[in-house]
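Presented below is the structure to which this report refers.
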Amino acid sequence: MAERANLVFHNKVIDGTAIKRLISRLIDHFGMAYTSHILDQVKTLGFQQATATSISLGIDDLLTIPSKGWLVQDAEQQSLILEKHHHYGNVHAVEKLRQSIEIWYATSEYLRQEMNPNFRMTDPFNPVHMMSFSGARGNASQVHQLVGMRGLMSDPQGQMIDLPIQSNLREGLSLTEYIISCYGARKGVVDTAVRTSDAGYLTRRLVEVVQHIVVRRTDCGTIRGISVSPRNKNRMMSERIFIQTLIGRVLADDIYIGSRCVAFRNQDLGIGLVNRLITFGTQSISIRTPFTCRSTSWICRLCYGRSPTHGDLVELGEAVGIIAGQSIGEPGTQLTLRTFHTGGVFTGGTAEHVRAPYNGKIKFNEDLVHPTRTRHGHPAFLCYIDLSVIIESEDIIHSVTIPPKSFLLVQNDQYVESEQVIAEIREGTYTFHFKERVRKYIYSDSEGEMHWSTDVSHAPEFTYSNVHLLPKTSHLWILSGGSCGSSLILFSIHKDQDQMNIPFLSVERKSISSFSVNNDQVSKKFVSSDFDDKKKSEIPHYSDLNGNLGTSHYNFIYSAIFHENSDLLAKRRRNRFIIPFQSIQEQEKKFIPHSGISIEIPINGIFRRNSIFAFFDDPRYRRKSSGILKYGTLKADSIIQKEDMIEYRGVQKFKTKYEMKVDRFFFIPEEVHILPESSAIMVQNYSIIGVDTRITLNIRSQVGGLIRVERKKKRIELKIFSGDIHFPDKADKISRHSGILIPPGRGKTNSKESKKLKNWIYVQRITPTKKKFFVLVRPVATYEIADSINLATLFPQDLFQEKDNIQLRVFNYILYGNGKPTRGISDTSIQLVRTCLVLNWDQENNNSSLEEIRAFFVEVSTKGLIRDFIRIGLVKSHISYIRKRNNPSDSGLISADHMNPFYSISPKAGILQQSLRQNHGTIRMFLNRNKESQSLLILSSSNCFRIGPFNHVKYHNVINQSIKKNPLITIKNSLGPLGTAIQISNFYSFLPLLTYNLISVIKYLQLDNLKYIFQVINSYLIDENGRIFNLDPYNNVVLNPFKLNWYFLHQNYHHNYCEETSTIISLGQFFCENVCIAKKEPHLKSGQVLIVQRDSVVIRSAKPYLATPGAKVHGHYREILYEGDTLVTFIYEKSRSGDITQGLPKVEQVLEVRSIDSISLNLEKRIKGWNKSITRILGIPWGFLIGAELTIVQSRISLVNKIQKVYRSQGVQIHNRHIEIIVRQITSKVLVSEEGMSNVFLPGELIGLLRAERTGRALEEAICYRAVLLGITRASLNTQSFISEASFQETARVLAKAALRGRIDWLKGLKENVVLGGVIPAGTGFNKGLVHCSRQHTNILLEKKTKNLSLFERDMRDILFYHREFCDSSISKSDFSRI
C-alpha cells in the first residue's frame, strides 16, 4: 500500500450507497481477500463508535416540522375549493378524487423534503436523524410518518382513500385516522404472507424456463450487437446507469475516436475502460448481449460477459440460466417482506409543471392547440407537437418549448405573473406506464327525479336495460322531491293535478298491488305488510282508512295508468266515457278467479284509433296442454296492437291476433318438452311410451304415445303424440301430406273392417326411414265459436247505443295462426280465443283529425263509499276555445274540474270542492324499476324556492307582437308551474326542452342552437308546437315558452351606448349553483325553473352531477331514484401504485406476456402490427423473415425496459444480463404460418427462430413464419425435453403427447438429468472436448452445403445484413437505460 503521508483524507458521511461503491472499488484494486480484511476493520471501528455514542431513541427526539401547520391548512383550503366546484357541478367525482390525491400527496412530499434540512439545522445529532439517514434502521419514509404526516393510505384493494391522515405518529391519531391506518397495517401483514408464496412460484417458473442454459463455448462468432448511447432524444441517461449497463460486457465492434482505435472487438469492459470512453465522449457503443448469441439452447462466454462473482469472463460450464432466474425471482421474495414497513401509505408521482420565469404576456400559435379538459377538470389546451410559447415582458422575450401531449393552462395574450404555472407536462409520454381500467360508481345523495341535458344512447351490452351511454360531457340532474311507495295508489286514483289527502301509513317500497275483478264487484288484493304483518292478503276497510287520513293537502300529477289489467263496469256520458268501479266494504278475504273483463290501458294513457280497449278471455277456450291449431282457409286479418309498440318496457314481444270469420276450429293436443342440449334422454326417437314414463332424470310424461325427438340449435325438442298407430297395407292410399282432418261419419279402413267415426280425427303419416312408414291417428278437440259470447251482455246496453263520438265494436280473435303450434310455459294455461272490445270514434265531426283519446282514473268518495271511474276523453285543441267576454262561467272545453288544477276531493262532502291553496305538494307518478309497481314523487314547498323581485327585467318583444295580433290573448301575472299544464300531447312524441348551461350571452342569442330533442316519458310540459298553458282558470292564455325569456340589461357607462347582455331564463331551464344572473341580484341555487312570473322565478332545487363522455347512466329519463341508488358509472384509467405488492404482479404480468385487468401496452398487439406492416411492404417471403426478426428485437427491448422499471422503482439493482437471458427464451420461438406451405413444419407449429433460419438455408427455400411471444409458463411447456416439461406442469398430458409422437429426450438440460439421476452437464460435469468436437463437425457439414447457395439466399442474407444495421441504428437512438 502507499505510505500514510500520501493518502487522501475524505471527510464525508458514508451511507449505504457509498459503502457499496467503496467495496466495489476495493475488489477491483486489491482483490477479495484484502477487501474482506479492510471491511473487518471498518466494522470494528463502527461498533466502537456506536458504543461510545450510546444512541438511544426517546419520544422527545421526534420533532415535528414547524411548517407543517400552514402546509396542511393550505391543502385543506384547496380541498374546500375543490369540494365547492364538485358541488356546483364543475368537476365530477373522478376528477375530484384525482385532484384531492395530488393535493395531499404534494403536501406530504413537501413535508418529507423539509424534514432533513430541518433536522440538520436544529439538531444535527438527533438520534432519529442519524439512524434514518445512516441506513442502519428505518428510512426517510418511516421517519416522515413519525414526525411529518402519514398522508394518504391504500385500502385492501389498492384503491386510494381520499381522506388523508394529517397527524403523525408522534402527535397520535384520531379514531377515524386510526381505522384508516389499520387498512394499511393489515394490508402489509396479509401481503407478507400471500406475496411470499407468489414470489417463490415466480422464481420456480423463471428457473424452469432457463435451467438448461449453460456456457458451452467461448465465441459463437456473431457480428451483431446492441448499441448503447448515453444521450437520447428524450432525456440524458444517468451516468450511473450507463456505467452499470456497460461494465462486464464484451464489445461487439471496434471503437474509434477519430482514426485511432481505443477498444477492439471482443474486449471485455472494465471500470477503467468505461470511464475512458465516457471521458472521450463516445456517442454509441455496440455491445454483445445474450440476445445476439447465435446458439439455440446454450450461450457463449463473450455474449454473456464477465461473471458477477469474480469479475473475469464467465467460465465454461457455468449454469448462467439458473443464476439469472434466481437473480430476478429472489428480490421479489425479499421485497414482499418490506411492504408493511410503510403500512400501505400511498406513493405516486405528480406531473411536471412549467412556470413563468417573470411577469409578462403569453404568445403562442392557437392553430397548434385545441381545447380540452385536464384530468382534474380544468380547462386547458392540448398540443400535439412541440409548441413554442413566448413570454413577453417590457424588455425581455423568453421562449419556452412545450413537449407534445402536454397541457397549456393559459390563454393566448394572457398576462401571467412570475412562478405561475403555464403548462403541465404529462408524465410518462416516453415510457411504458402500467395503467388499469377502474370503475367508479357514483351514488345519488338524495332521492328525486333524474334528468339529463344531452342525447344519450344505449350501451351496446345493455340494449334492453336502463343503462345509457353519454356521448359528450353533460350534467345529470336529480330534481328534488320525496317519494312514497306504490301501495298508496290503491286508494288514491285521481285525475292529474287533483289535490287530495294522503294517509300517513307506513309504506314499503316493494309492495305489490293487483286487481282481480268480475262483473259484480271489484276486489283489491294487497300483498304487502302495510296494514297488518300477519294477514298477507286482506281487503282494507275504507271507512277506517278515511278516519286515519292526515290533514296535509298534496297536488297529484301522474300520467302512467295502472300496468295491471283492471276489470271495470261501464257507463256512458256525452263527451266522456266513464266506467265506475264498485268497491266492497266487507273485510272478508276474497279470491276471485281472473275470468272477468280485462281492460288494456297503455302506460301513457293514450288510445289510438281502432285500438283494443277491453278483452274477455272465455275459460271454455283455455287449454292446459300444448298443441296445434287448425281451422279453415277463410280470410284472416293479422292485427297488431299499436299500444304494444308504444309501451316503454325493456323487451316487448308482439303477439299477433287473427280476426277470424270461422265458426269452429280444431285443437290437436301434444305434450312438448324443451330440453337443454346436454340433457340425458332416457327414451328413443319413434318409440312408444305409456303414461308416467321417465323421459329424463327429472321429467315424467303426462300422456302416453309416440315419442318424436328433434335436435335444434342448443336445445332438444321432445314431443309426445297421443293416439293410435296403424300399419296400412300397400293397397291403402294414404295422403302424403303432413296431416289431414277427417270429419265424423266417414269410414276408415283398418284390418278390413269398417267403422263410423264419432269425432273428428287427425291422420298423420310418419316415416322413420325411407321404406318404412306408419299412420298416427290423433284425437282432436273441436271448438265452436258462439256468436252469443260478446261484451254486450257484460256491459250496460247504453254503451253500444249512443253514436255521438265514441263507438265500441266487438270482435273475436284467435290468438294463434292456422297450423301454428301453441306452447304452454310450465303450469300456465293457453288462451285460444279472445273476445275484444275495440274503440273507435266518429270521424264526421269537426275533430275527425284527432287520432288519440286519453284515459285516466278518477276516484270519488261519498260517505265512506269510494267509487272509482275510468274516464275516456277526446284530446282536443284547446287554442280554439277562447273565453267569451263577460261570461266567467263559460270556459270552453275546460270544465268545472279543469278550471283549477288544485282541487280537492273531500271524503265527507262527496262533491268536488274547488280550493286554491298555496304551497301544496305536487305529486308525480313514475315507473319503478321492476315495471310492475309505481312510485309517487311528492314535490312540496320545501323543494322549491322563489327568487325575486328582479330589477332590469325586460320581456322580449315577441310577446308584445303576438298580443297585437290576437288581442284575446292576455298576459297574467303568473305562468303556471312547469309540468302542471293540461295534458294535450302524446308523451312519446319528441318534445323540445331548453337545457343548456350558458347563462350570460352577449346580444341576442338564437335559441334554436340550444334546443335538444328528447324522447320524454310521462312528460306533458309542452306540446309538439312548443305551446304551454297558463293555469289561471279564467284566462286561457297560450304562450310560446321559447319566446318567454328574460333579458337583463347591464349598462355600460364607459361608452355612450347600452350594451344588451341578455341573461335568458326560460321555463324548464336548469341552473348551476352560484350563477349570478344580474348585477346586484342574488346568486341562484342549482335547480330547474318551475314558474316564471313578472318579477320573480320559482326554482325547483336540483343537484347536478357532471359526467364525461363514455360514462354509463343507470336509469331512464325522469325515473325516480332513491338515496343511495347507483346514478352513473365512470370508467377511467389510473396508474397502478408503485409498491412491490402490486409491482410483483406487474413483473409476472410482463413475463407471462398477458394483460390481466390493465390496459397497458399489449406487446402481442404490437407484434401483429409489425407483422402486417412489414409483410405488406416487402412481400411474403422477405417480409416474414425480416418482420419476425424486427418484431423480436423490438419486443425484447420493451420487455427488459418494463421489468427493470419495476425493480428500479424499489431500489433493487439487477444486471440486464439476467433479464435478457429470460426474455431471450420467451421471445425465441416463431409460429409457422400457412402462407407458403413447407414440407418440414406444420402450420401453427412452434419452432425456434434460429432453427427456422437454418432450415431455410439448408432447404434453399423460404419458410414463412410469424414472431410470437410466449409467457414463461408456455415457454416451459415448449422445450426440447419432455421430461423437463412433465416435471413442471400437466404431467399426464405432456407424457401422453410425447409417447404418441415418439419424442426423444437428449438429456441436455440440468433438470432432466437431475430427474433421472445422471450427472448434470454443468460445472465439473461439463464435457468440454465432446461438445467442441461435435460442434466443429457440424460446422464443417454446414459449410459444405453453403457453397451451393442460390441467388435468392444471397439476396436474403444481404437484406438481413442491412436490416441488422438498420435495427442497430434504431436501437441506438432508444434509451438503453430502460433495458
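Don't overthink the numbers, they just go from 1 along the chain as shown.
Here the Cβ of each residue, glycine as well, is placed from N, Cα and C on the backbone.
According to Swiss-Prot, the Zn(2+) binding site annotation covers CYS220, CYS293, CYS300, CYS303, on the basis of sequence analysis.
The binding-site residues examined here are CYS220, CYS300, CYS303; by Cβ neighbour count within 10 Å, the least packed of them is CYS220. Reduced to three states, the DSSP call for CYS303 (Zn(2+) binding site) is helix. Its Cβ taken as reference, CYS293 (Zn(2+) binding site) is surrounded by 25 other Cβ atoms within 10 Å in the chains shown.
What surrounds the Zn(2+) site, by Cβ distance within 8 Å of the Cβ centroid and not counting CYS220, CYS293, CYS300, CYS303, is the set ARG217, ASP219, THR222, ARG288, PRO290, THR292, ARG294, SER295, ILE299, ARG301, LEU302, TYR304 from the same chain. In three-state terms derived from DSSP, CYS293 (Zn(2+) binding site) belongs to neither a helical nor a strand segment and is classed as coil.
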